[in-house]
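Below is one structure, written out as structure tokens; comments come after it.
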């Protein structure tokens, strides 16, 4: 991610400010400089806020970012443009605020744009989704962004000096290692659940074992006495338990079957005796009822005689009924014949009236034909009547418009001639403008060279003066140094090494005597007197130390002056006095003014000519358009004339309205005539068809009447023959028999019921006699008592068997469940053993007492330290290396960092480093952290890094090394920005972003040293 442009409104001390990072060439190192409180860090806050809605430091809240001097009606907003993977994006974030005069807060806004084909297209327009889009785009969240892109105040060395728990929190955020802690918790819960399930399964086994029925059997009680924790013993006893239960069930079943057989015997005997008793009673009752039924025999015989006579007279009755129907049909046919004759007469009358109407209509035929001819000839005119009507309406307008267009065209042609006369032979001369611009540029360059040379000469004189002054100081100090060295050489340095040996010599003297052998030199001791003046030796030694101290101080001063002379010489060598023009500044300025005036005059002339050409082109275009409109007008006018001529020729009318009225009237008359003619023809056709239908109906009715008369004659003959057969003389005999027909159904039912019951009694008496023949009836009370006794015994044994069978089956189910639980328990213990071991290892119960998360974080920390040591070795002149403290305890340590001093070959606490050494280590670790996070985050594009940390703790050499390190970052393609107050950085870093404050608001500008 590389910043391109930053725009701030009411943000911190910036009311309205823009920073153009595109002025930074080739990712060069640049310095952000300004007084304390001017708003340097706010630049970092703005970038972080624009992307994530947060400041670059955690301590600053969003409400703290709004300027105190902002207009109450204006929002705080940041617009940030940046480049990522060769694509350009822009984000605009507006903070929430309460607008002056309102009581409710105006919500925050956030828009994300991407440049496509030179234009920004919106990608997101909501705060939450937009921020998530940026996180996914950059591949980092706000915390990771602070570690990768911006190293803010107070957090620069936080990672270096933090303890394991604090580092764990930082590394968790950067490497998303909480998932490993989540795995540990999941495994812990899983183990807890599994152990609970295992314990629950033991309880279920115990509960099932206790619920097994013993049937009060000593063998089963002995088997059930085993403890349920002895699952192997349970498996061994279960088959024995099931076998004994089956034996008990078989014994009960045998007693039950015996009782059932005894009950079935007495039940069968009781049932047979009850059936015999019922049959005897039924037989006696049926015999009595059968005698009573036979008493109805004479009545039934009379009914049968009546029914026979009714059956014989049926044919005669049918003939009589048929005679009545035929007589009715004859009467109806006569009525139909009369009605049909009347209808035919009416139809003949209607036809005569319609014939008269037809004759009257045919008398107007010639007039109608002439109207039809007119309609056919002018139909095409009427269908397009609007076209002809419009021609009459437009012809005058088109004549007037044509005359007006002709006049306007003539005026435009005259105007074009005037413009062409103004242009004449003049042409735009842009080459002359380029030539004058080049001349002006050259003159400006010569003027700048003269000014720069004057400034360089003044700087050179100043540096030469400083150099001469330093050389004079060195000469003076060199002379003093020589005198001190001569004085030092003149001192007697003998016996100086005995100055601190006085006590040692006294001890030796007290331990030896004259004549003894000296323990030092081995010679015989001749004298024990004082041969050495220790006071004189101490005095000479102090004087020598003082001279040596002065010599060392003077040498240090000379070295400092030599370093300063070297620095001055470097500055002198960097001063470049360029070759300049022989002309004076006054002459060059005069020439510059002349050329600028000539340039302005030529620009005015070119502008005038271009305006005239533009006006000429405009007039030419207008003339062309007018000519087109005039041509169009003439074409439309000709078309109108042709249409009017066509209309008047075909219609013989010169008025559209009159033509329309007459045409519509003719069409109406023709349509009415044709409709009336068709209506008359339709009526005649209908009358003809109706008369034909009625004539057919009349013939049909007459034929029917003849048929009915013949049928009536034949039916009368049949009646006479049937009465003769039945010996009936008149209609009274027939009426008496007909009266019986109302009772026929009742008589038939009574006869049939008698015959049916008679047959049923015969059958039932025969059946019951066969069932009771040769059978003896037993005592019912005795049978009932014996039946109840056997039934009670059987039910008791059935209930006992059901209970024992259920308990046996229940025992089998429970033992099967126990076996299933035991098998599952054994398999579960086997399967979960690896999970238990894994949970212990992940939870820190291992040889290093490390949780899985800390193991992963240690791996990442080792990589970070290895990357950091590559730079720290250079910055510390191969003295220091960062190392991870190996001590671990219950997974909460192992992330502390110590420093290894290669000079002493020992490691020590990080707090033992000086301020400058701490800065070196912090910078190296921060850069290493940045690179490792980039690698682990899918190759985040780190094209820039900003450091907000003081460099004041560094000495000259360390500062140079730190700058070299940051310059190396530039060579890897990163833009590097630094906030610092160190004056040396202002001299070393050529590009400075100055932040100035007037106590009200701040402003920025880029400048080069």
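Even glycines carry a Cβ here, placed using N, Cα and C.
Listed in Swiss-Prot for this protein:
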BINDING   34, 35, 36, 37, 38, 39, 40, 41  ATP binding site
COILED    176-364  coiled coil
COILED    392-502  coiled coil
COILED    535-802  coiled coil
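Everything Swiss-Prot records as a feature, shown here on the structure.
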{"residue": "34", "record": "ATP binding site", "Cβ contacts under 8 Å, 6 or more apart": "40, 994, 995, 996, 997, 1002"}
{"residue": "35", "record": "ATP binding site", "Cβ contacts under 8 Å, 6 or more apart": "995, 996, 997"}
{"residue": "36", "record": "ATP binding site", "Cβ contacts under 8 Å, 6 or more apart": "981"}
{"residue": "37", "record": "ATP binding site", "Cβ contacts under 8 Å, 6 or more apart": "13, 997"}
{"residue": "38", "record": "ATP binding site", "Cβ contacts under 8 Å, 6 or more apart": "13, 995, 996, 997, 1002"}
{"residue": "39", "record": "ATP binding site", "Cβ contacts under 8 Å, 6 or more apart": "12, 13, 14, 995, 997, 1002"}
Exercise. Report yes or no: does the coiled coil (392-502) come within contact of the coiled coil (535-802), defined as 3 or more CB pairs under 8 Å with a sequence separation of 6 or more?
Key: yes
Quiz item: Taking the centroid of the Cβ atoms of 34, 35, 36, 37, 38, 39, 40, 41 (ATP site), which other same-chain residues have Cβ within 8 Å of it?
Solution: 13, 42, 995, 997, 1002
Self-check item: Whole-number mean of pLDDT values that fall within the coiled coil (392-502)
Solution: 81
Quiz item: Looking only at Cβ atoms, how many others are within 10 Å of the one on residue 41 (ATP binding site)?
Solution: 22
